[in-house]
Structures are given as structure tokens and as C-alpha cells.
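Below: the structure, in C-alpha cells.
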Amino acid sequence: MIEMFDFTKEVDIGIFNKIQNRSKLENKEIAKRVEDIIENVRERKDKALFEYTYMYDGINLNSETVKVKEEEIKRAYEEVKEDFLKALDKAIKNITEFHEKQKEKTWMDFKEGIVYGQVLRPLSSVGIYVPGGTASYPSSVLMNGIPAKVAGVERIVMVSPAGKKGISPYVLVAADKIGIKEIYKIGGAQAVAALAFGTESIPKVDKIVGPGNIYVAMAKRALYGYVDIDMVAGPSEILVIADESASPKYVAADLLSQAEHDVMASSILVTTSKELAEKVKKEIERQMEYLERKEIIAESLKNFGAIIVIDNLKEAIGIANEIAPEHLELVIENPFEILGEIKNAGAVFLGEFSPEPLGDYLAGPNHVLPTSGTARFFSPLSVRDFVKKMNVLYYSKEALSSVKDDVITLAEAEELTAHANSVKVRFYND
């Protein structure tokens, strides 16, 4: 069960090291397997892709069956309920509105004889990986697909491993709702490799985004450079900062919501109230009993969960900035008062009625967030991840003439005489 630490008596940083190091991708056996899969798909294309799909997913595919057909989409709509469609439409609206606000514009500055600026262009093609098989994550479709759509990406390709009955109808409906028409029934490292290099059936893309297991994460990391990626995401995590005003029931529920992801997920409570800490611990035990994934939750909380009692909120803020959690909840009396002191977090949820799952599904902000301390230097997925910038420069003859000697001087200081000559030939005779 989740362990309690009293930092008012003794600080134990071991728990933080354990949590931050839990997702290091250092399994050499898996890395070698991923490397072999990538090389095989690169060389043998469809043949290797379909062999791995049968080996790992038990699905026998070919060039005719790998792509989801229109009738499969229609059938998916028949399998989902009306309340799902209504909730999905609300989520799409909110997520789209949030990401529309992120759009940047091309800009140009004009001086006498000089024009410079930056031109924005959407990526031409993007591949979205959506976990599948027995799982169903329509929210991943929305969070990865909508910012790409808002950015103006022309070709969005989605891959998701199929179960015995195909890809989840919830996933197919979500993709169709946001206009993704090119969907393939593949997953794992082999799908990532297929998107990076292209095969006879799968198009090559410029960028790959979306979550997956360790094979998917390692493949994305290995292929970065051949193709752009969003990030190498680790296990999910939440840090809750709470004071005596917080509801033990709410805090416990929020910690449990992350612990159910998998046994590597991390759920931490940092509180100024020992009484709250004890109540939350009891509430966790009570709520766990009626949750479906309680075995996973128990393992997660045992290995990577913690309830930490500290002296004051300043210490709590220091812990949050050090851990740089994926999700940070501020369940305190005046959360906006300390927001300015939070430097490192993927997403911040303020107040007792802003639970993390609200951000996972419906509110609008993206749920693709940096994990494992990388919120110190990475940001959430956004429209900007699907846009590239080109610098633009124009000088008239007169404008170049006014700075030619300076350019020549700087080039010669670096002993790049051809650079200097490129300017000289425009003004000086041989």
C-alpha cells in the first residue's frame, strides 16, 4: 500500500530518485529487438510489417486488408451509444477552441531596401499512433489529431493495432469525427518503422506522435532524425499539493485515477496537514475496493506512490518544481496565489473541482504532456508541434552595399574566404 513520509522530521529524497528514474529506457534486450524490427521493416517493407503484426497481434493482414474501409467506419457508428457521441462532440469543440488560440502567424518586417521575417508552413504529413488491441483510447485520437488539423496538416495517417474484432469502434468514430480518413490496423515498433520509412501499403510521414508501450517509445526514439517525433513519453504521474481545506475523498480519487494506468504510474500527495494525509491514506484503501483495476493500482501505489507531510507550502512548491510532474493539482484554499511560483509541470489543475481526468478528456488543454521530469524543458503537445518556420530575407543592392564590409570582415575572421568572396564579387572587379 502507499507509504507515508514525514518530511517535517526527516527528508528522504530516495523516493524522488526512484520515481524519476523509473522510466529510463535501458532494457538492452528490448532495444535490440526494436532495432531488428526497424531494420527488417526498412528492408522488407510490407512483408516484414505483416509478419510482425501476425506474430505480436495475431492478426493476418495483407495490402488489401491493412487499411480500414468505409464500411468499417459505418459499422463503428452502429456500435457506439448516443451519449458517447454527444460527449465526443463536446470534447472536440473544447479541444479545437483551445488549440485555435495557439495559432501563430507569418510575419514580415520592412526597412529601407530590406525585408525579413518568418513564414509558417504546416507539416505535409503526420502519423498518429493510437494504442489499441484490448485498449480503447478515443481521447488520444482527439488530443493528437485536433492540433494537427488546426495547424493545417494536409495528410494525417493514423495507426492502431487491431484486436480480433478490429480497431475499437470508439477510436474509429473519434478519428472520423475529426476528419482522419487514412487509418491502418498496425501497431508496435513495426508500425512506427513503417511510418518513418514507408512501405508498399503505408505512407512515409514527416512526424510521428502519440503514446505507446516501451516498444513504441524505443522505436520513436531510435527513428528520431529520420522523422520528427513529439516526445518519448514515460509512465503517467500526478503530484497533488493539498492543505487542510482539501477533501480527503477528492484527493484520494485523483491519486487513484493515475495509479490505474499501469504498475509504473506514480501518484504523490504533498500536504501541510498530517490529519489530511492520514485520512487520504484510509480513503485510498476504501475506494480501491470497488475499482476494477485494483491489482494494478495496488502495485503502482506500493512502488511509486507516496504521501508526504511537509511544514509549509513553500516546501511543497520546491518539491513540485524539482519533480516537474506531468500533472500537478493544487488543491489548496487559494491556488492562484502560488501559480506564479510553479515553474515546472506539464499541466496544472487549480482547485478541488478541476480533477486531472477533466483535462484528459474534455476541457480543451492537451493531455499529451512531458513526463519523468522532462517538464523542466519540454512543453505539452500543441499546434506549434505541427508547424515549421522558414526565415525569409531580402536585401536590395543598396542595402547590401551599406553592410558589405562588415559581412566580409566577419567572414574573414572565421577564415571562410569563399563566404567573403560571395559578397565581394557583387561590388569589386577581379
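Cβ atoms are placed via backbone N, Cα and C, with glycine included.
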> In Swiss-Prot, the residues Ser236, Gln258, His261, His327, Glu414, His419 are said to bind substrate. Which of Asp89, Asp109, Asp176, Asp360 is said to bind at that same site?
Replying inline: Asp360
>> Can you give me the same-chain residues 6 or more apart in sequence from Asn213 (NAD(+) binding site) with a CB-CB distance under 8 Å?
In response: Pro131, Gly188
> Taking the Cβ of Gln258 (substrate binding site) as reference, which residues of that chain separated by at least 6 in sequence fall under 8 Å from it?
Replying inline: Ser236, Glu237, Ile238, Ala265, Ser266, Ser267, His327, Glu356
>> Around Glu414 (substrate binding site), which of the listed recorded positions (Tyr129, Gln190, Glu326) come within 10 Å, judging by Cα atoms?
In response: none
> Including all protein chains shown, what's the count of other C-beta atoms within 10 A of the C-beta of Glu326 (active site, proton acceptor)?
Replying inline: 29
>> Just to verify: the residue among Gln190, Ser236 with the fewest other Cβ atoms within 10 Å, which of the binding-site residues is it?
In response: Ser236
>> Around the C-beta of Asp360 (substrate binding site), how many further C-beta atoms are within 10 angstroms, looking at every protein chain?
In response: 19
>> Please list, in sequence order, the residues in the chain of His419 (substrate binding site) that are at least six apart in sequence and whose C-beta is under 8 Å away from its C-beta.
In response: Ala411
